[in-house]
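Asks: Dumping what TrEMBL says about this protein:
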DOMAIN    2-129  domain 'EamA'
TRANSMEM  27-46  transmembrane segment
TRANSMEM  58-75  transmembrane segment
TRANSMEM  87-105  transmembrane segment
TRANSMEM  117-134  transmembrane segment
TRANSMEM  140-159  transmembrane segment
DOMAIN    142-272  domain 'EamA'
TRANSMEM  166-188  transmembrane segment
TRANSMEM  200-224  transmembrane segment
TRANSMEM  231-250  transmembrane segment
TRANSMEM  256-273  transmembrane segment
REGION    296-342  region 'Disordered'
Amino acid sequence: MLFVALGIIWGIPYMLIKVAVEELTPASIVLGRTAIGAALLLPLAARKGYLRPLLPHWRPLLAFTLVEVCIPWYLLGYAEQELSSSLTGLLVAAVPLVGAVLVWLMGTERPGGRRLAGLLVGFAGVAALVGFDVEASSPTPVLAVAGTAVCYAVGPIILARWLSQLPGLGVMAASLTASAVLYLPLGLAQWPGEALSGEVWLSVTGLGLVCTVAAFLVFFALVAEVGPSRATVITYVNPAVALLLGVAVLDERITVFTGLGFGLILVGSVLATSRDKVPDAVPAIAAAGQVAEPVEATDREAASAPGRTVGSANGSTAGRAAPHRDALDVTCDDIARPVPEP
């Protein structure tokens, strides 16, 4: 149920943004969304004592805020002034591809043949969408979506390297609060003088209440229940929801290239983020930039999933089941995956 709920919740924002940009500027939309999110999540994080540990890490926290909230949420609104909501959602689905490229460029992992093939397939899907489905007057909206994808790929890298042991709820609450403060002057200055329509009010409220507050809480609960890697499968669901909502609710058109491009992006993302059959015989580089011993993915998942027994490298078990974690206690290391959160 959590998986289905999050897939729907994170597929909705593209439609709501498309409705909101009819009367609001991107800055005003970001202000409304982050203000609602901060008003609800900040008190919760403060009550749990999750804000004080953030203070020594304010520099990487500010960088994360910029690349995960401030910049991409503005760019999404800017892009959807011309692009359809469904096309925007499909293009953002390329986040895992961008994340894979960044990880390889940083030297954290060495790509094999399967992953390289995944990149080629995935970006061929992006080319199919951009080349045949885009009807914008200039390439700027497409570049804005590309910037969004890059931001969503960089954000988890910052989490993993500098904020990994901090509480996820505290980081997200602080980021939303800082974003609301940063957008307050421009968002208010651009707020229209005439009354907004009911549809726009509902869209902004939905973006803040459902697509931000509820989305993060459900995501934390999903990570606590099934582990971080399994939770990231949601990446392949929300673009499909965005496509269906755009066509069914906003009457956006769909072409054969829409389906072709989306399919290629999904296949490419799966291949580009999968494990090659023969791993490189080099030590893994830890998130903090230190050399670490290789760890099997199954063991990492067992450690992060409740009720699972953690095994050793030779197949034996430690005999202890990992304790169940509260959803609000999820750390940034658990959520440091390239998942688009529109």
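Cβ coordinates are placed from backbone N, Cα and C, and glycine is handled just like the others.
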Asks: Which range wins on Cβ pairs under 8 Å with the transmembrane segment (87-105): 27-46, 58-75, 117-134?
Replies: 117-134
Asks: Could you please provide the mean pLDDT value for the domain 'EamA' (2-129)?
Replies: 92
